[in-house]
């Protein structure tokens, strides 16, 4: 892991590497991804068969082979222990309750002159959710992507998830049953994104695609944007922790490792004005890491992507965190809420020593699909709004048009758009003639 000290002259250059973490160079994969997307667009099911044989190592003989039936999902759910069922239901209920508060309501404003203005919020008709299935398959990702769509009122929700060697993850199947999703396809990678974006003879296209994935999935989402809407282009997972001298180093070590075990490319960053704390955290990581089930993955992440940043004071720690704009930001200080007004850029903010980032991953309620790689400066967490669209409502009365019509025509004429102006002036003439 790297150790950076803001006091040293080389800090600025070294910190630039932290700011460029998670940046995905898609040049090397974009041509392959575009080729796969083009094949899906033109060949449909035949292309899917080729791609699945190539990447997931099993043979698709018919369209039905691609589908996961509701019965399979029910069977997987029934085979769960009662404790795991309860945990899934608890997560579902908490995530649903949080996202229900996000749902936007249509509104109309009626002015005295009869002018009516408003916004109408409508759910997307068909949403596509991508659920990873590589080194680990996450039922939590299914819940986090499906529940906002359910709350939004999306009528048709389709899920695509890879099944290497035609083996589906039973926990994901159980979560599908819990969410009531019945249209599920055993397709992964760029092929899945293409299938949902373009559709084929057997499967209609979707309106929006959400969900995390590897660089091929991210590249495919970027390429199909405009054909459909997407949530964001996300990269490897990351965490930054602001901590003072009173923070618990063992808590910090586990929270950093919780990101490192996701992926070799995950970033774990500690920002503190306490050198003894940083040293203690490093020692705890060294002690814990060898016994972790995913020690190889976590070890590679810690070795190559973990950073300890030693600052002068808490204010500087906050400034560093804002520059990083992390996916997850923990604040482990004596008075964490005092820092909240000064935090500008983070996907999710965890305040206090009991607000461990994994709580947010599973069942706190807020979504765990978050912007990465510094994109929290302009992207937001996945939410109900990603599955809804807004239409403006405009209804002018004759009186309202008379009040502003000439100004509107003048603006149109200033832009040399004569038909725009005449469309308004003709109506004004008609209103005047009726009154005469």
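Note: Cβ is positioned from N, Cα and C throughout, glycine not excepted.
Among the candidates 237, 280, 380, 392, the one that Swiss-Prot lists alongside 259, 262, 328, 361, 415, 420 as binding substrate is 237. Using a 10 Å Cα-Cα cut-off from residue 327 (active site, proton acceptor), the binding-site residues that qualify among 237, 415, 420 are 237.
Counting in whole angstrom, residue 328 (active site, proton acceptor) lies 9 from residue 237 (substrate binding site) by their C-alpha atoms. Fewest Cβ neighbours within 10 Å among the recorded positions 262, 328, 420: that distinction goes to 420. Here the recorded positions are 327, 361, and the one with the most other Cβ atoms within 10 Å of its Cβ is 327.
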